Amino acid sequence: GREPFKPSNYESLGYSRPARLLGIANRVYPKANLKSESENSKKWKVSVLTSDMPSAGTSSKVYIILYGDHGSSGPIFLDGEKGKLFQRGSEDVFTVHTGNIGRLYKIRIGHTNAGSCPAWHCEEVQLLNLFSGEQFSFPANRWLAWDQADGEISMELPVLHQGQPVLPVTVYEVHVTTGDLWNAGTEADVYISIYGEKGDTGSRLLRSQKPKKFLKGQTDIFLVEAVHLGHLYKIVIGHNGLGSGNGWYLDKVVIKDPVTDLDYTFLCHRWLDNGQDDGNIARGLTVTDWAAEKWKFQKGNTLQLYNRLTHGFICLYPDSSVDALGDKKNKYGLFNVIVKKGNISIFRSHQIPHLALALVNGYATGKSCCELCIHLQPNGCAILESARNPGHTVMFNLQGKEFVVHVKGVFHHGAIILLNTNRCQALTLRSDGVCSGAGQQQQESYWRVHKTGSGVCMFESVRNPGMYLKIKDGQCNGTGTGDEYCHFKIEKNWEAGSVSLESVRNKGIYVGLLPDGQTKPVINIGESNIFFYPQVIKFGWENPTETPAETNQEKKDFRESERPPRKEMRNPQVGECSLPSSDDWKVSVLTGSAGARANVTLWIYGDGGADGPITLGKENRKQLFLPRQEDEFQVKLKSIGNIYKIRIELSELLNKQSEWNIQRVTLQHVMSKKTLNFPANTWLSKSDDDRDFVCELPLVEAGKPIYPIILYRVYVYTGDLEQADTDSPVYLCIYGKRGDSGQRLLQKSGIPVKFLRGKVMKAVSLGKLQKVLLRCEANSKSQYWYCDKVIVREDENNSEYVFNCERWLPFMSGGVIHSEMELYPQGKF
């Protein structure tokens, strides 16, 4: 018969354990004369000390798992030839073989809870690498027993470096929601295993003090302690009930990470029941990356919903009938998004505003209002479920319930977009003109769209103005100047939700990606290396010759969705005239005694998000930022809540020796006339080492800043390895509860980084620090950098955050080179 789901299956058989850890497995060692990881010993001496307190010994079998940056040892049961092991006050010594796990960073030790006296009080675990002589000590001093302490029978212990853990021990909050269906609950024991880029938790029994768990429609909260796993990507969850009444309908699992303050959602919406669905009582669930897709469902967006099974779009007709057979130009296939809360929205017909997509008795139809839950799937599709009647989804037969979501207006003129290459990377342009699909989905990878004709666009780097994506002479890079070699036809892939960029000058030639992420002109042979997944950062306007007033007018003919917010602010001397809207703002910049011919970039932060980069006056720069002159700009800001700070950066100085004295920045809401003041009186320069080219300004009310300017002293330690230093540019961004500092240049090109002592970064107080992002722009392997750690000290309260790295940067993961890395704090001291 069917075996019940048991925790021992996870440990003893290595259930679903990846052979290598994501993001760490393919570590790059570009320097010469470094000892290969494969030479590390695979043989360890393990000493386990049992406490001397009463009843500390155990009758259970004890196991240990060692985790390193190349993988884990798997469970190793600590058996011996002598009689009883793990008795009160004893030390038991074993020799184990682990395989090549790389550099050790944590262990897990636990027992099987077997025998007459399974409870065990472990005092300490000691490891000795029998080849290198390296020793590790893991103080434990805790009970492993279901009826003692926290009720756990396993624990995780991190490696200590200079007395501090290399990774923090984290208590994850696991929120488990049982579906709101009849007989959805279970009385069985439920187990979970959580997987991240730094290993897994092993199988854990979900225990709580609540007498009734996993009831119909109920959300239960459990705590799972583990050494921090980094980014979570998968869970395996199941139960041990096989008899009648033990089936379970799991709706979803949400895991809250207190270190990064991130929530990870794992959707299920299926039975775990040997008598229902496919009969499985355990399921592997991948994380639903709502954060990456929620931009599509913002208020005001216009969508098309493509059904892969019918090869058509959902259409809502005047008689309230609905089908999924429409073509891409069907005017009844457009829906405006009305956001209610979270992932719940109303999809109102663009053509028939009094009707919305709805579900009645399980069938799709048109009604005046119907709230739908958006459930994103691992393949990028969306399932639309009734918020009022869970389990009822928009579908056109048993298989046709997944829809590819297409947003109208992605490639409008002036839009700022990302061209994502996968879930976490995007097409990016370096300052030397090299393009890569391995960039981070951040400001460095933003592109400004210049629409030149129907379905034809140019892409200009926001970070490097004047540099365009181009295909010429067998090369694909970002050295274009805006000529015909920079024109690309947008070819949409409705099935995948992606686009391909075909050169207008070289028909049949596309922007493609090599295995290392570099761009190259290729022909379309049906492979995915020409697919890009656009994401709008800021919408543009439909017609390059229109003013915003024209763009906002109602159009009777079928066009792409009008949404005119624009990132580039213009000086009012250009003479545009439009009616103000609720997102219109005026920005005034007062220059002091020294002006500058410069491109200036602005970021604006509110308690609901941030907006930027916003380029100030690119088209009028000869007239701007003159001494004693106040320049005004118009901009449309997305809703970011109450504004509390701004950041200004010199993105380009036309005269490299010039400096800029900025006195004040003022923001005024055009409709309400509410004015926000940001006094500055500071100098910005890109040539003077004593001055910065970035400044942050807090909102000042009643003469006082609402948050103080903090001096963050950054100490960067390079590892003690041969050729570990670099003379490539190094950047750092600090993230806290109140936003981020922006990427700051720590080290200019041409000066080797050995040890950076106390680099001062001024920023509006970020609150409790959550992480830092390091970036090293190395052009060759000989310029890679080995970072040992980063320490950030706050001058105001003399607190210190330690971010261990111990990695080469750039590094390789999944065959792609990454120039950026996020580090999380090991503690605040």
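Every residue gets a Cβ built from N, Cα and C, even glycine.
TrEMBL has this to say about the protein:
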- 42-158: domain 'PLAT' (DOMAIN)
- 170-286: domain 'PLAT' (DOMAIN)
- 543-579: region 'Disordered' (REGION)
- 552-570: compositional bias 'Basic and acidic residues' (COMPBIAS)
- 583-698: domain 'PLAT' (DOMAIN)
- 710-823: domain 'PLAT' (DOMAIN)
Helix, strand and coil totals (DSSP H, G, I; E, B; other) for the domain 'PLAT' (42-158): 0 helix, 59 strand, 58 coil
Secondary structure composition of the domain 'PLAT' (583-698) [DSSP: H/G/I, E/B, coil]: 6 helix, 70 strand, 40 coil
Per-residue pLDDT averaged over the domain 'PLAT' (583-698), given as an integer: 82
For the domain 'PLAT' (170-286), residues assigned helix / strand / coil by DSSP: 0 helix, 63 strand, 54 coil
Secondary structure content, the domain 'PLAT' (710-823) (per DSSP, counts of residues): 3 helix, 72 strand, 39 coil
